[in-house]
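Taken verbatim from Swiss-Prot:
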- S49: active site, nucleophile (ACT_SITE)
- D359: active site (ACT_SITE)
- H362: active site (ACT_SITE)
- N108: N-linked glycosylation site (CARBOHYD)
- N126: N-linked glycosylation site (CARBOHYD)
- N151: N-linked glycosylation site (CARBOHYD)
- N196: N-linked glycosylation site (CARBOHYD)
- N339: N-linked glycosylation site (CARBOHYD)
- 1-31: signal peptide (SIGNAL)
Amino acid sequence: MATAATATAGSRAAVLLLLSLALALALRPSDAGAGGDCHFPAVFNFGDSNSDTGGLSSLFGAAPPPNGRTFFGMPAGRYCDGRLVIDFIAESLGLTHLSAYLNSIGSNFTQGANFATAGSSIRRQNTSLFLSGFSPISLDVQFWEFEQFINRSQLVYNNKGGIYREILPRAEYFSQALYTFDIGQNDITSSYFVNNTTEEVEAIIPDLMERLTSIIQSVYSRGGRYFWIHNTGPLGCLPYALLHRPDLAIPADGTGCSVTYNKVAQLFNLRLKETVASLRKTHPDAAFTYVDVYTAKYKLISQANKLGFDDPLLTCCGYGGGRYNLDLSVGCGGKKQVNGTSVVVGKSCENPSKRVSWDGVHFTEAANKFVFDQIVAGALSDPPVALRQACHSRGQ
């Protein structure tokens, strides 16, 4: 009887051990098997205005009202009436909205940080923000900020403690976090805006891929293992791009989008998809997800009325009337001198939830939510994994 009891106890212990190991593996973000949610403790984002939650506003002055009116009730560093796709990503993962790394007031970095700034590009711009509108915070600068953030946050976290442990991430979060990238749009548009030909614009794409690869590998070298990489959207459907280069507005598709702009965006995306596949082979211990936001955005624009939206090329927060309700010299919240008085003329439309374009460059919150809903389940991703399972997207 004693021998039987011992055997039974041993069997139970073995079963419990196996169950414990299985549970531990299931809860590890680093597990590569098909399984449950990844439980990312933080998100670190790199990008441009499509995901900027306050970087440029912290540097050069806040995005003015009516930006932020729909969700935040006030300007919140976003060039939008409300939330961006990156905000919906954070919410979906059960995390707080990301604070901009450059914002020194009221920020909390416990669950990540945002290095994106509006106007940023992969390559450094050979001009200034005030001349071109493009940010000096290129992708390599964003990575330098990220390195500084790791080093300085952990120095303070470990040596000062106290309140700092409530606003800074744990050291292990840097290897467990999801790293998101949404950048490249400004490299294409800025090249066109200096009157380059399509052939000249296309010629920079290989260099963009090399630079992007280098930065992603640098993030990998600092512990990053889970990457969620957005492609660029249909640039030929952005009113500001069409006004900057009206010669490229024709030929247009049935929606009024520039065929030329969009073909270059599609070429960029093709090369980006190849780049992500190459990274996947180079680093088989990491998870790289390529996310096709182009398809989500073009679906919204080309089927706007069917999906409950108004004219997708008509700017909500703009000025000037005309085809796009956009004057390039007057942005959203912008002012003009009227009879010697400075008057706000860049006003919001009555119902932003019915519009796709917020300010001629960026989407409304409603449009961003549509895009997020299209990508969150993984139907537009390669590999086709959901956001919450992006730690499982390893491939050969």
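Positions of Cβ are set from backbone N, Cα and C atoms, glycine also.
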Sort out for me which one of S49, N196, N339 has the most neighbouring CB atoms within 10 A, since those are the recorded positions we care about. S49
Length of the line joining the Cα atoms of D359 (active site) and N339 (N-linked glycosylation site), in Å: 26
Would you list, in sequence order, the recorded positions among S49, N108, N151, N196, N339 whose CA lies within 10 Å of the CA of H362 (active site)? S49
Three-state secondary structure, N108 (N-linked glycosylation site) (per DSSP): coil
Could you measure between N196 (N-linked glycosylation site) and the residue listed as 'active site, nucleophile' for me? Cα positions, answer in whole angstrom. 23
As a whole number of Å, the Cα atom of N339 (N-linked glycosylation site) is distant from the Cα atom of S49 (active site, nucleophile) by 34
